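Worksheet: one structure, shown below.
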Amino acid sequence: VALFNMAEESSPVADWYRGKSVFITGATGYMGKVMVEKLLYSCSGVKKIYILIRNKRGRTPQQRIQDMWQLPMFERLRNSQPKAINKIITLCGDVSTEGLGLTQTDIDLLVDVDVVFHMAATLKLEAKLKDAVEQNTAGTARVIDVCKKIKNLKAFIHFSTAFCSADIDVFEERVYENKDNPRNVICVTNWLSSDILDVATPSIIAPHPNTYTYSKRLAETLVAEQLDTMPVCIVRPSIVIPAVDEPLPGWVDSLNGPIGLLVGAGKGVIRSMHCKGENRGQFIPVDFAINASIIIAYLVGTAKEKPKEVPVYNMTQDAVLPIRYKEILDIGRSGMYANPFEMQVWYPDGDIRSSKFIHNLYSIFFHWLPAILIDLLMFICGQKRFMLRIQKKIYDGLELLEFFSIREWIFKSDKFIGLSDLITEVDRRKFPTTDFMKYPLEEYFVNALLGTRQYCLKEDLSSLPRCRRKQKVMYVLHIFCVYGFYFYIFYLLSCYFTPIKRIFDGAKSGLSFIPGVN
């Protein structure tokens, strides 16, 4: 009944999209798919959705869309609007190609587009400078050049990142000046060889920690330069996490960011991370970020006056629901124990450590040594070794994340938080953006865990009872091995230090069942 009544009530945001065409880059990414689904489901009057998509792994753009349409996240749309897929028009191309690789026929189709969501980007923190600039900066320049041909563009929404100015402690909702000219950087990366660029990268991107944040900040400058010629706007999602409600509670299909850490810790592979638990995290559920972006495009498109500055929105929960990394870990750990993953290699008892020295010690004993042991056993059994290779990737990934996990920023997000005040009650229900306390955190984390389990790892929920039994066995082995290890170290020390030897001798009688004590 509630859903029927909502459908009957007028939604100014949905009404504004009626009859309009939308162009989306990055539509097959995590956020892009949620954007496509939400527009088709909640703005059912949308005319067409053009998406830039390339051939991949032998699949044509049309085949990839058919594959995407069969995902669980599109189930409610398949049931309510089975012909909605016909509104999706594929344009074969790529942001790394001049003119986006579009034909003249494709460009003629885009001339009548009303709204553009530029979401395509490489998210790899470890990307080489040439690749990051090519995708994130030059790619944005190419999208802008194509969109300049649109006759009556009403909103151009550029997706950046809340961490694009990681060198600034208090990050406001505005575009910051850049020390480098984006187009000059594009020319330099095209001109210099990869070897020379690799050597020069640290000095070029400083004070940025990686090429991702550097290239995204350059892209913001390119967008800001178009203020006088295009209705541009910049949205900055923080760390994107699984959906609260839409299209499914806990929906996630990407192992980027915190989900990769969650899986690594849940499988018992990641046992330690250098992170300050007292620092506040900056997160945004994917459905809230997409809802906000849809509303922002509506606000840009209906604005009566041209803004004097580029509108910028920092998307983060911190102003409504501040939460520290330690709290996240405690809540997540309890949910993980109750809903374990399949194929755990060890009991998931990892922890965060504020001391780099302590973290390194734990890494040696609980990351590297077990990996060496497992690979040795695989070698003895004549099997392919893999654990050291995996551990190297984990080490590199944790090193890249360390810049963010040990620092704390203050994000001003007044514009983002104030979005709900600019829309009607109907649209607040239809496009929630800041309802972070709708569910208890414990319930949200369980949904996120189960979503990761089902949609990312393809692990059926029917295996949970078996995994819980296996985890209990893992716990017993964990206790035996860990405390046995500590006891053995204590025993070795007692051989050289008299005070410890006296303590050990006092306990020896009660531990005579352990080989080597007597």
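Quick reminder: no glycine exception, Cβ is built from N, Cα and C everywhere.
Here TrEMBL flags 24-292 as domain 'Thioester reductase (TE)'. Among the features that TrEMBL reports, transmembrane segment is placed at 361-382, 473-493. For 366-459, the entry in TrEMBL reads domain 'Fatty acyl-CoA reductase C-terminal'.
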Message: Should anything in the same chain at least six residues away from the transmembrane segment (361-382) have a Cβ under 8 Å from its Cβ atoms, list it; otherwise answer none.
response: 270-272, 345-346, 353, 388, 390-391, 394-395, 485
- prompt: Can you give the mean pLDDT for the domain 'Fatty acyl-CoA reductase C-terminal' (366-459), rounded to a whole number?
  reply: 90
- request: For the domain 'Fatty acyl-CoA reductase C-terminal' (366-459), jot down how many residues DSSP puts in helix, in strand and in coil.
  value: 65 helix, 2 strand, 27 coil
